[in-house]
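A.B. asks: Sharing a structure below in structure tokens format, with a few things to ask.
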Amino acid sequence: MAHVHVIRILHTTFGIFGNVFGILLFLSPMITFKRIIMKRSTEKFSGVPYLMSLFNCLFSAWYGLPFVSPNNTLLTVLASIGGALEAIYVLIFLIFAPKKEKFKISGILFLIISIFSIVALVSVLTLHGDKRKLLCGLAFAITCIMMFGAPLTVMRQVIKSKSVEYMPFFLSLSIFNSSTSWAIYGLLGKDPYIIVPNSIGSLLACVQLILYAIYRDSKKKLDVEMEGSIETGHEKPQIEIQKNMETYTL
């Protein structure tokens with residue numbers, strides 16, 4: 001009994017850690033959206049990462065509900081907060097995006113809500129017990145892996161350019177902390193639908209940190225070159241840096 005009690009305490013503790021690190025990740029795009037609001041333009045930023053994150057939050061919140069998977073309420077808490085923030089980000093994007101981009105975002109948003117609604121209704125009306133958990137768990141895991149897979153393009157860019165200019169260290173560290181916390185939470189709760197995607201996220205974040213350790217000296221050299229280019233009037237557009245940073249906030 002004492003052993004079970006300790007596991008429950010650890011399970012809750014790592015769930016709380018996951019919530020703290022997760023909320024920090026969801027708050028990270030605020031600087032970008034402050035810029036968008038001030039300039040009243042989305043410039044070259046993409047709204048797709050926020051839609052994918054919202055997609056994951058919907059299924060995460062649903063999967064954590066007691067009638068779908070017991071003892072995962074902390075997952076629903078984080079996903080509800082994250083979903084609300086991502087919905088705000090998407091709304092801001094819809095307000096300030098060009099007309100063509102608005103149609104694109106609106107179309108993807110409609111598709112996301114439709115898929116989630118179908119899965120939610122099917123799980124409630126036709127499935128029960130383990131079958132309901134299986135469907136919702138797979139949907140949650142797939143959308144989670146899609147979200148964690150987003151930084152792959154930036155990792156490829158880091159290797160190609162031999163520079164971590166576009167890969168913020170603390171953001172990579174936060175992703176690692178969050179996904180690792182949730183992976184351990186899943187292990188303690190014996191939940192493969194939480195373990196698998198977050199283990200993948202933890203592994204990808206670990207690779208990012210390794211890349212940072214390998215190429216961080218190159219970043220220092222680029223910073224020096226950047227200062228020189230500014231002095232000569234050839235400043236590198238900062239929007240490219242901002243745009244690549246967006247990939248991580250999903």
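Keep in mind that glycine also has a Cβ here, set from the backbone N, Cα and C atoms.
Quick paste from TrEMBL:
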TRANSMEM  6-27  transmembrane segment
TRANSMEM  48-68  transmembrane segment
TRANSMEM  74-96  transmembrane segment
TRANSMEM  108-128  transmembrane segment
TRANSMEM  134-154  transmembrane segment
TRANSMEM  166-188  transmembrane segment
TRANSMEM  194-215  transmembrane segment
A.B. asks: For the transmembrane segment (74-96), give me same-chain residues lying six or more residues beyond its boundaries with a C-beta closer than 8 angstroms to one of its C-beta atoms, as numbers and ranges.
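C.D. replies: For the transmembrane segment (74-96), the nonlocal Cβ contacts are 12, 15-16, 18-19, 22-23, 26-27, 29, 33, 36-37, 40-42, 45, 47, 50-51, 53-54, 56-58, 60-65, 102, 105-106, 109, 182, 185, 194.
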A.B. asks: Excluding the flanking five residues on each side, which residues at least 6 beyond the ends of the transmembrane segment (48-68) place their CB within less than 8 Å of a CB in that stretch?
C.D. replies: 26, 29, 74-80, 82-83, 86-87, 89-90, 93, 105, 108-109, 112, 115-116, 119-120, 123, 132-133, 136-137, 139-140, 143-144, 146-147, 150, 193, 246-247, 249-250
A.B. asks: With Cβ-Cβ distances below 8 Å as the criterion, list the same-chain residues six or more beyond the ends of the transmembrane segment (166-188) that contact it, or say none.
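C.D. replies: Same-chain contacts beyond the flanks: 7, 10-11, 14-15, 17-18, 21-22, 24-25, 28, 74-75, 148, 151, 154-155, 157-158, 194-195, 198-199, 201-202, 204-206, 208-209, 211-212, 216, 240-241, 244-245, 248-249.
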